[in-house]
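Student: Quick paste of what TrEMBL says about this protein:
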- A:4-221: domain 'Radical SAM core' (DOMAIN)
- A:Cys18, A:Cys22, A:Cys25: [4Fe-4S] cluster binding site (BINDING)
Amino acid sequence: MTRIGPPLGILAELTHRCPLQCGYCSNPLELLKANRELTTQDWISTFQQAANLGVLQVHLSGGEPTLRKDLDQIIACLAGNGIYSNLITAGVSFSREDLARYQQAGLDHIQISFQGATAETTELVGHLNGAHEKKRNAAGWAVELGLPLTINAPIHKLNIHEVPDFVALALELGAERLEIANVQYYGWAHLNRAALLPSYDAVMAQVDYVHDIRERLTGILNIDFVTPDYYADYPKPCMGGWGADAMAITPDGQVLPCHAAQTITSLQFERVTEKSLSDIWHHSDAFNRYRGDSWMPETCRSCERKDIDFGGCRCQAFAVTGSAAETDPACVKSPFHAELRRLPEEKPIQRRVIGKSPQPA
Amino acid sequence: MLLKAPFRPPARQKLIIGPHTRPVLPRHVRLQQDETRGKWVVLAPEKVLWPDEISVGILSRCKGNRSVAALSQELAAAYDAPIDQVEADVIEFLQEWADRLLIREEREPS
């Protein structure tokens, strides 16, 4: 039996509500309305349990987490329990006063997403007028207030040519970190993958550029690079292993081993409103199913890389092969490796909208 | 209506660590004891680091109130090690941390 260590981090999706409609959103296709969201007290109780379990960092995300009116209470609860808080926001729906309140409550770090490095691209991708200027203002307030700032740039076919401009933007705004995060193809991104996946040549040019600029900006800007695994030979070490040290919680309190785990329709998830977080972490089937290596197919179990990438991503295995217990098809050893790059016919991007079920690709 | 000029942060310079640098952990880089695991931990933006005992000895002295030379003296005394070697090791260690923006320099004398 696999030894179960304490969890380190939680991605808390406080709400699915969002002013943007990005076609690569990592939320599920069936988005929850506000009336399904956990109460303030539910989140506070969950985070107190998390602290007792050993959680050290919480990433407050969504949807757009600043749409929760109780966000400062939630941040204060994290700070009071010694948990490092990270706000992951689109940066279009709060004022300078709101941000100062979050900081007063104990916010440690803010990450603001930019859909493009230019106003045109940001609006083309997120479908919100004036979004770029709002994001620039929000980033400015963060730096003025002395909050460490990360710029998050989700990369795909529509903006991959702007990668150097994202670097210039991050430097101009005074960010400490830039995440050049190639879109991972689950949920909405999988639905829209034919319209979003960049060409092989564009990806390789980006890899060369990022490796070079990251070196040159050492000590000035931290650049984290999430590589696009559709063109890789080996899978990413997804979540550092299933149920190893992280979890995600949905707006209605379901606890997931990975934020995309709901795409694996054969799994059932338990809720913080029904069971303790400790019970779910240690004993739920969803967490134990792919822990360790006993679930692995022979390809992975006998592989010298199994302690490096843990068999890769369960959600990607499910999306491409129909079985979450397969080797991640990003791996050259997977019999489905070629399948990964076979795309459906390109169609217009379907926008992420609550209450409107998208058409399957 | 008066238009306020947009806020422009000063361009960040790469910090080069030397004997006279007064290193400090920024407020958002927290060295704390993790009771669950019985270890020291550093919490930083999207990072969790597990410093060993010697690293904790260095980091816990990065308060902006003493120079690299001074804190190296303290460590050399504590570990009964030659000061030249200790200072060289401390500079190398702190340079790596500065390169990841985890260490800053305290400019004002305190």
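Cβ atoms are placed via backbone N, Cα and C, with glycine included.
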Student: When you measure from the Cβ of A:Cys18 ([4Fe-4S] cluster binding site), which residues in the chain that are at least 6 apart have a Cβ under 8 Å away?
Tutor: A:Cys25, A:Gly62, A:Gly63, A:Glu64, A:Leu67, A:Ala90, A:Arg352
Student: Taking the centroid of the Cβ atoms of A:Cys18, A:Cys22, A:Cys25 as the [4Fe-4S] cluster site, which other residues of that chain lie with their Cβ within 8 Å of it, listed in sequence order?
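Tutor: Filtered neighbour residues, in order: A:Leu20, A:Gln21, A:Tyr24, A:Asn27, A:Gly63, A:Ala90, A:Gly126, A:Trp188, A:Arg352.
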Student: Per-residue pLDDT averaged over the domain 'Radical SAM core' (A:4-221) comes to what?
Tutor: 96
Student: Once near-sequence residues are set aside, which residues in the chain of A:Cys22 ([4Fe-4S] cluster binding site), 6 or more away, have Cβ atoms under 8 Å from its Cβ?
Tutor: A:Gln115, A:Val125, A:Gly126, A:His127, A:Pro154, A:Trp188, A:Arg351, A:Arg352
